[in-house]
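All remarks here apply to the structure that follows.
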Amino acid sequence: MRYTTSFIGLCFLIFLLKNLVNGGLIRECDYTMEGYGPCGPNGRSLCLDTFWKTPPSPGLSKNLEGCRCEDRGKRPPIFTGLSHTCRCCWSYGGGSDD
């Protein structure tokens with residue numbers, strides 16, 4: 001049993017090192033999107049909807065880690081109403097897409 005556990009641990013380490021050498025997991029943060037209206041109680045889902053409508057880089061398999069909604073107040077005088085900003089973080093596998 002001891003050798004089996006060691007073998008599984010060794011395989012996991014090889015897998016981990018292989019991913020790190022080939023680019024591994026790339027984490028991007030602060031993808032910023034602006035939108036109309038205040039955040040309100042459903043600000044997180046508002047940002048998630050916006051994120052999936054305009055993904056940062058199409059063609060990559062992304063794992064969204066989270067979004068944060070921030071009220072910006074009034075827009076410039078040309079526009080009317082309130083606005084918000086969404087900041088999102090996501091991760092994706094890198095290295096082999098080029």
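Using the three backbone atoms N, Cα and C, a Cβ is placed for every residue, glycine included.
In Swiss-Prot, C88 is paired through a disulphide bond with C67, chosen from C67, C69. Between C39 and the candidates C11, C69, C86, Swiss-Prot records the disulphide pairing with C69. The disulfide bond recorded by Swiss-Prot for C47 joins it to C86 [selected from C86, C89]. In the three-state DSSP assignment, the secondary structure recorded for C47 (disulfide bond) is helix. The number of other CB atoms found within 10 A of the CB of C69 (disulfide bond), across every protein chain shown, is 22. Look at the disulfide-bonded residues C29, C47, C67 and count other Cβ atoms within 10 Å of each Cβ; C29 has the fewest. Neighbour density at the Cβ, taken as the number of other Cβ atoms within 10 Å, is lowest among the disulfide-bonded residues C86, C89 for C89.
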